[in-house]
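A.B. asks: Marked as domain 'J' by TrEMBL: 4-68. The annotation domain 'CR-type' is assigned in TrEMBL to 126-208. Positions annotated as zinc finger by TrEMBL: 126-208. What TrEMBL lists as Zn(2+) 1 binding site is 139, 142, 196, 199. Summarising the annotation, TrEMBL assigns Zn(2+) 2 binding site to 156, 159, 182, 185.
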Ligand SMILES: [Zn+2]
Ligand SMILES: [Zn+2]
């Protein structure tokens, strides 16, 4: 007794090719032995597959509608109509049992990487940047479907929607079935007959787009910010890729960054270093004053707490480290030379001490060499 193929697939008699295909895919998935290993499911799977086989083929469907049989005559069962048996169809759809059906055209868009340049101050406090990028965006005309609006793809007649074809191959082990991607539809199971004119059937078009990105405080030169879904639009409605924004921090003329600290070198005149003074420096937090103690030496580092870069991870800020560089005057006029000479005479003891220090240095060096030799002998 003839079965109602429409009923088996759960579609009505006016169902489109797409609806039939969708219904079949859904049922086939439910009944697939990976999900449902029962005997009953296997039988149902055969029925469903056969129903699809008939209804997805325009000619067979027409015959079936007219006569109740796909080949237009009363045949003795499923196997009669030049149909290679259910296991073939099964293989065709699930080649190797990996659950492969017709492939989807949709592919994820590519990730993209672009660089943006910011100032050190923007890196310290964070900023907002307007990014302009040429990329692929979803085609508005077809909304990514790659087809002219209102049209539908046609089920591939070569593979009957499976995306794969099986053919017998003679080998030393006997006749075997091999499964390969359908060359007509390239595995998609259907063919777009009317590609969208706007995007040439890609589902996406190239465009220049701009958007605003928040750049967090504390980013460093080379930091990459991942902007999910801001990459290229996918092919045929596939998801967007990601955009990676690489931060490039311009060099600052005063400050350099080491970790979360900002470093600067301030030159102090010899006299100010000897007498002590107060120095003012322009920072990203406005003018800051600090004290140079009398007798400060070159290389001394003043730390101004919490005036460094914001910490990208964690909270708070680094410090500002100011290295003092004591400058010795190079050009003296007569009066200055006279004053310095008087100072040197007044500080004769210190000059003598300096010589003692020198001797001390040489004696330390010598003992160091001695230690080295004695170490070798031991
Ligand atoms: Zn389009
Ligand atoms: Zn095909």
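Every residue, even glycine, has its Cβ placed from backbone N, Cα and C.
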A.B. asks: By CA distance, which of the binding-site residues (139, 142, 196, 199) lies nearest to residue 159 (Zn(2+) 2 binding site)?
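C.D. replies: Minimum Cα distance from residue 159 (Zn(2+) 2 binding site) across 139, 142, 196, 199 lands on 196.
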A.B. asks: For a three-state summary based on DSSP, what are the helix, strand and coil counts in the domain 'CR-type' (126-208)?
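C.D. replies: Counting residues by DSSP class gives 0 helix, 39 strand, 44 coil.
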A.B. asks: Near ligand 2, which of the binding-site residues 139, 142, 182, 196, 199 are found, taking a Cβ distance under 6 A to any of its atoms?
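C.D. replies: From 139, 142, 182, 196, 199, counting a Cβ under 6 Å from ligand 2 as near, the near ones are 182.
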A.B. asks: I'd like to know which of the binding-site residues listed (139, 142, 156, 159, 196, 199) lie near ligand 1, counting only a CB under 6 Å away.
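C.D. replies: Result: 139, 142, 196, 199.
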A.B. asks: Around the Zn(2+) 2 site formed by 156, 159, 182, 185, which additional residues qualify by having Cβ within 8 Å of the site's Cβ center?
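C.D. replies: Surrounding the site, in chain order, are 102, 157, 158, 160, 161, 162, 163, 164, 165, 183, 184, 186, 187, 188, 189, 190, 191.
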A.B. asks: Between the Cα atoms of residue 185 (Zn(2+) 2 binding site) and residue 196 (Zn(2+) 1 binding site), find the distance and write it as a whole number of Å.
C.D. replies: 17
A.B. asks: If you count Cβ atoms within 10 Å of the Cβ of residue 159 (Zn(2+) 2 binding site), leaving out that atom itself, what do you get?
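C.D. replies: Around the Cβ of residue 159 (Zn(2+) 2 binding site), 24 other Cβ atoms lie within 10 Å.
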A.B. asks: List only the single closest residue to residue 156 (Zn(2+) 2 binding site), chosen from the binding-site residues 139, 142, 196, 199 by CA-CA distance.
C.D. replies: 196
A.B. asks: Looking only at C-alpha atoms, tell me how far residue 199 (Zn(2+) 1 binding site) is from residue 182 (Zn(2+) 2 binding site), rounded to the nearest Å.
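C.D. replies: Per the Cα atoms, residue 199 (Zn(2+) 1 binding site) and residue 182 (Zn(2+) 2 binding site) stand 25 Å apart.
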A.B. asks: Using all protein chains in view, find how many other C-beta atoms are within 10 Å of the C-beta of residue 156 (Zn(2+) 2 binding site).
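C.D. replies: Residue 156 (Zn(2+) 2 binding site): 23 neighbouring Cβ atoms within 10 Å.
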A.B. asks: Counting by DSSP, what is the helix, strand and coil composition of the domain 'J' (4-68)?
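C.D. replies: For that range the per-state counts are 47 helix, 0 strand, 18 coil.
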A.B. asks: 10 Å Cβ neighbour count around residue 139 (Zn(2+) 1 binding site)?
C.D. replies: 24
